[in-house]
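Report on the following structure.
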Amino acid sequence: MSPMSGLRQQLKMLGTALLGKRATKSVKKKPFTEVEIKDLRTAFDLLDRNRDGRVTANELQFMLKNLGINVSDELIHDLIREASHSGNGLINEAEFLQWVGRIQALRDEQHSHEDSKDSKPVDEADDVTEDLIAAFRVFDRDGNGFITRDELQTAMEMIGEPLNEQQLEQLLVIADLDQDGRINYEEFTRLLL
């Protein structure tokens, strides 16, 4: 299995969970497929940095920051409070799955409303581009537009796919087309697509 396999899907699911509209109203949810549940569990594991089975406000804020999204402490605490049924400021895996389900239902509802209003299909290419940019930001930790060897290694560890030196070197040889020792956005997208 390639170290990059599933990364885009994992980040897309995480992005849906973190960037969707706040899910406060009652909406009709579609049940998740087995693949979606697996991906959501992976996304939860990405958030749960200390592996205690719960996501804290700090863990959520850390991931958002790595996605290039700066949000206030107040918004982070609102998101956690909204998702946590126990009111303890922590989200367990079951609460996370329910929360994402509500967010997806809201997104589906919003897309269907926009489609009926504009009579335009949802442009999937825009979704892919947004996913790729979010994924690139996770890897490009210093935001300089390039993924260095160290950033690649750190990001792969963060998503639960640690690489040994040989695997890291192989990935860089494959991805670094201009052989400048770092991966730019174009090289990154070619690697994932």
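Placement of Cβ uses the backbone N, Cα and C atoms for every residue, glycine included.
Per Swiss-Prot, domain 'EF-hand 1' is recorded for 35-70. Here Swiss-Prot flags Asp48, Asn50, Asp52, Arg54, Glu59 as Ca(2+) 1 binding site. Under the heading domain 'EF-hand 2', Swiss-Prot lists 71-106, citing sequence analysis as support. For 127-162, the entry in Swiss-Prot reads domain 'EF-hand 3', with the evidence type sequence analysis. For Asp140, Asp142, Asn144, Glu151, the entry in Swiss-Prot reads Ca(2+) 2 binding site. Swiss-Prot lists 163-193 with the feature domain 'EF-hand 4'. The Ca(2+) 3 binding site feature in Swiss-Prot is assigned to Asp176, Asp178, Asp180, Arg182, Glu187.
Helix, strand and coil counts under DSSP for the domain 'EF-hand 3' (127-162) come to 23 helix, 2 strand, 11 coil. When the CA atoms are compared, no binding-site residues among the candidates Asp142, Asn144, Glu151, Asp180, Glu187 lie within 10 A of Asp52 (Ca(2+) 1 binding site). The predicted model assigns the domain 'EF-hand 2' (71-106) a mean pLDDT of 77. The record gives Asp176, Asp178, Asp180, Arg182, Glu187 for Ca(2+) 3. Within 8 Å of the mean position of their Cβ atoms, the other Cβ atoms in that chain belong to Phe146, Ala175, Leu177, Gln179, Gly181, Ile183, Asn184. DSSP assignment over the domain 'EF-hand 4' (163-193) gives 19 helix, 2 strand, 10 coil. Asp52 (Ca(2+) 1 binding site) falls within neither a helix nor a strand when secondary structure is assigned with DSSP, and so counts as coil. Excluding Asp48, Asn50, Asp52, Arg54, Glu59, which define the Ca(2+) 1 site, the same chain contributes Leu47, Arg49, Arg51, Gly53, Val55, Thr56, Leu90 within 8 Å (Cβ to the Cβ centroid), listed in sequence order. The Cβ centroid of Asp140, Asp142, Asn144, Glu151 marks the Ca(2+) 2 site; residues of that chain outside this set whose Cβ lies within 8 Å of it are Phe139, Arg141, Gly143, Gly145, Phe146, Ile147, Thr148, given in sequence order. Here the candidates are the binding-site residues Asn144, Glu151, Asp178, and by Cα distance the one nearest Glu59 (Ca(2+) 1 binding site) turns out to be Glu151. Around Asp48 (Ca(2+) 1 binding site), the C-beta neighbours below 8 angstroms that are at least 6 residues distant in the chain are Arg54, Val55, Glu59. Distance from the CA of Asn50 (Ca(2+) 1 binding site) to the CA of Asp176 (Ca(2+) 3 binding site) is 32 Å. Residue with the densest Cβ environment among the binding-site residues Asp52, Asp142, Asp176: Asp176, by other Cβ atoms within 10 Å.
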